[in-house]
Amino acid sequence: MPNFPSPLLSLLLFLSFFCTLISCTDTEVQALLAWRSSLKDPGDLAKSWSYNTSNDPCQWDGITCNEAGSITVLSIVFSTLYGTLNKFNFSALPQLTLLMIGNNENLHGEIPKNIGSLPNLQDLRLYNNNFTGEIPATISNLSSLKNLDLSDNHLTGAIPRVIGHLTMLTRLDFDSNKLNGAIPLEIGNMTALQVAFFSNNELQWEIPATIALLPHLTNLYLDNNQLNGSITPYLGNNSYLTGIDLSNNNFIGMVPSFICEGGELDFLGATNNRFNSLLPTTLKNCTSIRVLYLDNNSIRAHISQTFGVHPKLEFVNLSQNRFYGRLPSNWVKDIQLLFLEENEISGKIPEGFVNATQLEVLKLSNNKLTGDIPKELANITSLTILNLSNNNFSSLPLIQAPKLESLHCSNNRLVVTNKSYIELDYFYEENIDLIWKGEEVTYQSNIALLTGIDLSYNYLSGEIPKDLVKLQGLIFLNLSKNQLSGMIPRNIGNLTSLEVLDLSMNNLLGTIPPSISHLTYLAILNLSHNKLTGQIPSGSQIQTFNPSMFSNNDGLCGSPLPNNCSAHNNSKVTPVNNKTEDQKLEVVGVICSVIIGFITGFWVYFGALFWKPSLRFNVFYFTNKVQDKIMKWCGWCLH
């Protein structure tokens, strides 16, 4: 017969096992409670983390246990706790697989060295806190670690070389700290690494060649550091690379020729470096690329010959380089943002831009573009920002872009000779009828979304469209340095959101509309170098502007200008329609002068009476009554 253990022995074994579990769990709980007690403010943990017979620790906030009752997950995110990790006994949590403490801005101090005593930890996330000091070298003891996130803290010092011991790590995030020194060569030992964030630090020297030994690397972010030198050509061995950001460093030479050899590249950022050579021909192979940022370098290349067909391209910034040639039109189909400012691009805007139906922002300023601004841009209904300033465009069609918020066409050769105005339906504002250069166009009412217009430094003539004042979302309006004439629209004060108004260096005449004082948000105003006359309206902050903003208008007077408005000047301000009005004013003036003289004599004659208190009140009362009647009568006559 088989020998079975006696019932007593079985019971003893069970009790021993049960007690072991109770002891282990109690150790974990005591470690958590000890840490909570060390905090100056436990925040949200105060209510949940309290140990008694009716409160299962596995039900505490942020705690998850396995079937055996051991804590496997500790997650404290967006809590209000205040303190450090110094009193946290990590060795008391041997079964922990996930430790996540994030978005706790009052959690500070150094990361304790004993954090390396978590043998089963696979996921360590201590992001967006206020941790300081160096990354502890003991972190290399976490041999099971797959995800390490220490981003958005204030960690300093060099990245420890022993980081290379984390051979199972697939994701590394040191973004937004103050780490310095070089990226360690030992990173090449982390052969499972797929994603690496080193952005927004103070890292120096070159990219280590050993980074090419990471066969599974898909995303590498090195932007906003002090890295320099050339890009190692061996990085091309990473055939799975889908995203690389080298922006805001000091890299020199050529954009790496291997950049699209894998054919999977989705994102390439190299903004603000010192790349100064031709772009590699392999860039044409980037058929999967969606985001391309090469702005603020010294790259010289033919823009239409360098690029191929990029059917997935959505965001492009090639500004502040030396691209030349004519704009291509075969890669704009799905593009949403296109920045080509400050280059040497010439020719016309191609008609193929009509296919850019997803385009939201188009910036082509500071180039050598010529010809008419194509009316086909009107078909881009998603367009919100259009900047064509500082080119040689000759005419401006009215662009039917219902979502347009900002229009900049300054410093071109634009000419508009026909009378131009905007007509809005006051009662049914679904459509806007605009007549520009004799052509009437209907716009959707949400053109009122327009917040900025800059047409300065052109040859625009005629009057300012009176119905421009119905674009009540307008914040920025610059029509300076043109040949505009006529009067400032009477209801300019309806643009209540306006912060910048520049109408200087035109031929505007007449008075400044009183409604301009309604522009309470106005921070910049320039009406200088026109032919404006009359008194500057008072109210709001108009008198606080520098007098130079009203200068070179021979007929203007009043604050903030030093010259006061005399009675003679005031009479010029009011338009006089016929001789009868002149005669009425003369008669009223004579009568008022006689009566005022009478009052003066009355005061002189009866001055002695003021020495007697009993008569003083009666004299004042009588005089005020007479003055009130005179002023009322004069006002009635003037009207």
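Note: Cβ is positioned from N, Cα and C throughout, glycine not excepted.
Under the heading domain 'Leucine-rich repeat-containing N-terminal plant-type', TrEMBL lists 26-66. Regional average pLDDT for the domain 'Leucine-rich repeat-containing N-terminal plant-type' (26-66) in the model is 84.
What TrEMBL records for 88-196 is domain 'Disease resistance R13L4/SHOC-2-like LRR'.
For 1-24, the entry in TrEMBL reads signal peptide.
Among the features that TrEMBL reports, transmembrane segment is placed at 587-611.
With a threshold of 8 Å between CB atoms, the same-chain residues lying at least 6 positions outside the domain 'Leucine-rich repeat-containing N-terminal plant-type' (26-66) that come near it are 72-77, 79-89, 92-93, 95, 106. For the domain 'Leucine-rich repeat-containing N-terminal plant-type' (26-66), DSSP puts the residue distribution at 20 helix, 6 strand, 15 coil.
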